[in-house]
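Engineer: I have a structure I would like to understand better, so I am pasting it below and will then ask my questions one at a time.
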Amino acid sequence: MIGCGAVLVALAGLLMTLPHFLSEPYRYDHSNPGGIKLTSKDPRWVGAWWLGFLISAGAVALAAIPYFFFPREMPKEKRELHFRRKLLTIAASPASKGEDSPLEQSLGESQKKQDGLAQIATDLTVIQFIKVFPRVLLRTLRHPIFLLVVLSQVCMSCMAAGMATFLPKFLERQFSITASYANLLIGSLTIPSAILGIVVGGVLIKRLHMGPLRCGILCLLGALLGLLLTTPLFFTGCSAHRIEGIAQRPAMQPEPGLFPSCMEACSCPADGFNPVCDPSTHVEYITPCHAGCTSQVVQEATDKSQVLYTNCSCVEGGGPVLGGSCDSACSYLVLPFMLLVSAGTAAFSITHTPSFMLILRGVKKEDKALAVGIQFMLLRVLAWMPSPVIHGSAIDTTCVHWALSCGRQAVCRYYDHDLLRTRFIGLQFFFKTGTMVCFALVVAILRQQDKEARAAATVSGPGSSPGLQQKLLVSEPERKREDSRV
């Protein structure tokens, strides 16, 4: 099944590349003399967007090959089955029944029934599974630890989905870097940091022999550290440079009165977009026409060509202006920004393994497989589906100039950088705060359960029956063995 799933993922990757091969070639506005010479820093640059999907699909297909050589069924854990049979034999022996009280006998019978269900859970037919599914689902969702841990993972998945979808675009706009460089930074810093955090979380659990309470505390500390590392991101950036003719307020189109009178005789198209930059004043114009330029010069070089527009009546001193958008004044902050993002990602990734352990240790053995399935279902429905929509809607509210297509908004040309940074990082901060609150509630509940367990052990310790003490002693090694296997 794993191999077939991997093959389906590879086919999905191939299907995502089909639009490149089936659609018409990319078309640009060639109305200007000499055409438009695009570079990788131009906002209209597309590039080989399909190549990554093609390579990833091939890698997944190759990784799926070994799974087809696995057996259809994994061998049973004979030691565990032998231990459970021995435990049931001890619990059903006449000596233990004679020493236990009626309440203890009823508890033993219910425990035997649960163990029996755990052993035959994998042998249920489809009809039987459908019949018991609503009760198991309700029982699982009513578990407070499971529900809170899943909600914390929903918040983290919302954060991850928003970052994965819009962080490259945010870096391009905020720091004036190319799309390839933005993805290179994310792939070389953020992804390894997440992997490192997951490994560190697993090592801490293994080395420190953490129980549920300590796992909850570790999750809380990781979420708190990640939240603290997010706070400086609000101030790591700068305002947008001046764009002639664009009102620096969101959701407003340029009005004729905003453009200088020097270009009125040019009859510039309202929907044109071929940005140029005045390097002396760091002012950007939507098109060379809006800068009042009348001539164009192309300077050829060995590595790239530079387009210059001269005789610009709207530019101080008459030009020249360079083709392309102006660079950000804070491009040097992209590395500190990515280092903070990567450190925060590593801190939150530490919570991955202990939160998963809380789910496995919190639910009953026969419900573990279903609990994991419910967990991933809720993550898809509540996080990975709505989060990109939420982040995209928030980002659209920071647009200051929309390109129009058939009278409708098509794509945003310019953003308010301060508002973009505040709302994008604000959403990340909101979801991280939700994660920390959920883990804080988990720790509070686990502390309360631990106190109640200690109080019950203190009350039942001196006067407990030998049969009950024997069961407690027998169940303790079993619990430790299950924890070590999980």
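Cβ atoms are placed via backbone N, Cα and C, with glycine included.
All annotation found in TrEMBL is predicted automatically rather than curated by experts.
For 47-70, 145-167, 179-205, 217-235, 332-357, 369-387, 424-446, the entry in TrEMBL reads transmembrane segment. The domain 'Kazal-like' feature in TrEMBL is assigned to 256-316. Positions annotated as region 'Disordered' by TrEMBL: 456-486. TrEMBL lists 476-486 with the feature compositional bias 'Basic and acidic residues'.
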Engineer: Which bits of the chain, at least 6 residues beyond where the transmembrane segment (217-235) starts or stops, bring a Cβ under 8 A of a Cβ in it?
Structural biologist: 152, 197, 201, 204-205, 210, 337, 340-341, 343-345, 347-351, 354-355, 358, 421-422, 425-426, 428-429, 432-433, 435-436, 439-440, 442-443
Engineer: Under 8 angstroms, Cβ to Cβ: which one of 145-167, 179-205, 332-357, 369-387 has the largest number of such pairs with the transmembrane segment (424-446)?
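Structural biologist: Highest pair count goes to 145-167.
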Engineer: Looking only at the recorded stretches 145-167, 179-205, 369-387, which one has the largest tally of CB-CB distances under 8 Å to the transmembrane segment (332-357)?
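Structural biologist: Stretch with the highest Cβ contact count: 179-205.
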Engineer: Below 8 angstroms Cβ to Cβ, which residues of this chain, lying six or more residues outside the transmembrane segment (179-205), approach it?
Structural biologist: 40, 45, 47, 163, 167-169, 171-172, 215, 218, 222, 334-335, 338-339, 341-343, 345-354, 357
Engineer: For the transmembrane segment (145-167), could you work out the same-chain residues 6 or more beyond its ends whose Cβ comes under 8 Å from its Cβ atoms?
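Structural biologist: Same-chain contacts beyond the ends: 182, 186, 190, 212, 219, 223, 341, 345, 348, 351, 355, 358-359, 362-363, 371, 374-375, 378-379, 382-384, 386-388, 390-392, 395, 424, 427-428, 431-432, 434-435, 438-439, 441-442, 445-446.
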Engineer: Quick one: average pLDDT across the domain 'Kazal-like' (256-316), no decimals.
Structural biologist: 75
